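K.L.:
Before I ask anything, let me first share the structure, which is written out below as structure tokens.
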């Protein structure tokens, strides 16, 4: 499949890695968080504050379900998209889903808990609880899992591309 969707925790590098991959492949790049921000004319955290987490989750799901990308597109998703079975089924039907697996300590160092980031569920139990809840969901939905410990964004993009190319060449696609 010639479309790739990146899933993972906030701070795992989905947007940055996705842009690099799209650039290297000459593909289009879509960021579902930016699509939501454009729709509302607000930063992600402001959208969550305005509509609440439950409504935001529906908005995120609608955004993903509305995606019908051309072939050769890299999609960066919001970290909470894995809570929606419908959204994940759709992503699996239009793309190869890649989980950017970053250890929690690395995620913690990548995000500033003081700066509002638009992280659904952060108020309810913090980063550790989100990680515990989401980690098995990311694994369940991913066709490719790429461990990204101790690497730069460029190296992360190279790892993703390498594993994606192996996956495509091995014809393990669903």
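Backbone N, Cα and C define each Cβ position, glycine as well.
Not measured: the values here are computed from a predicted model.
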K.L.:
Looking at substrate binding as recorded in TrEMBL, which candidate out of 108, 134, 140 goes with 33, 79?
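P.N.:
The candidate from 108, 134, 140 that TrEMBL ties to substrate along with 33, 79 is 134.
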K.L.:
Based on Cα distances to residue 13 (ATP binding site), point out the closest of the binding-site residues 33, 79, 134.
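P.N.:
The smallest Cα gap between residue 13 (ATP binding site) and any of the binding-site residues is with 79.
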K.L.:
Counting across all protein chains present, how many other Cβ atoms fall within 10 Å of the Cβ of residue 15 (ATP binding site)?
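P.N.:
17, counting other Cβ atoms within 10 Å of residue 15 (ATP binding site).
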